[in-house]
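Visitor: Sharing a structure, written as structure tokens. Questions coming.
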Amino acid sequence: MKQKQCILLGLLSLSLLTGCANQTPTKSVASPSSASSHSQVVQRSTSSSKAKPTATYSQQTFTISNVVFQITGMKVTASATANRQLFVLYYTVTNHQSKSIVPNDIWQDAVSAQQSGKNLGTGNLAFTTSQTQDNNKLNRTVMPLKAGQSEQGLATFEPKGSAAITVTYKDTHHRSIHQSHYSIN
């Protein structure tokens, strides 16, 4: 009787091992499922166009994900790149989330600038003593900001000429919710 149980247990173990061994081809088939999950993400983002906006812009105040950017000013100044100008937007950022955030991460994902229909890249501040305060503000935007705290910061864009700049603010679904236009002449 014990011998039959041992043989039966051995056969059961062998069939389990065989079943596990047959999962290798299933794993190679699993990679196409990532493509279908990607298409689901696309479908969700498409259906999100009907969802309520997840950000607001009113009276120079951009609010997204419980983070408030109050635009406080702008200027055109010298860039670190020779013979180039730099468009600078100043803001006060307040973190109303329950955790720390990095203001620049949220800003970069939600705000962009265009000039003559072309996206502008971020620029670099010139290394002068008059730019020290601006450098400090820029540095603070890449440091964690604790919940409930505010900090002064800035964003830079490098224009390609003297045409007006359009700054676009988007919600978390990457839908445009506001555009501001700035003359840099």
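Using the three backbone atoms N, Cα and C, a Cβ is placed for every residue, glycine included.
What TrEMBL records for this protein is below:
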COMPBIAS  28-53  compositional bias 'Low complexity'
DOMAIN    44-171  domain 'DUF5067'
REGION    25-53  region 'Disordered'
SIGNAL    1-23  signal peptide
Visitor: Would you mind splitting the domain 'DUF5067' (44-171) into helix, strand and coil residue counts from DSSP?
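Guide: Computed counts for the domain 'DUF5067' (44-171) are 28 helix, 56 strand, 44 coil.
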Visitor: If I take every residue in the domain 'DUF5067' (44-171) and average their pLDDT values, what number comes out?
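Guide: Mean per-residue confidence for the domain 'DUF5067' (44-171): 92 out of 100.
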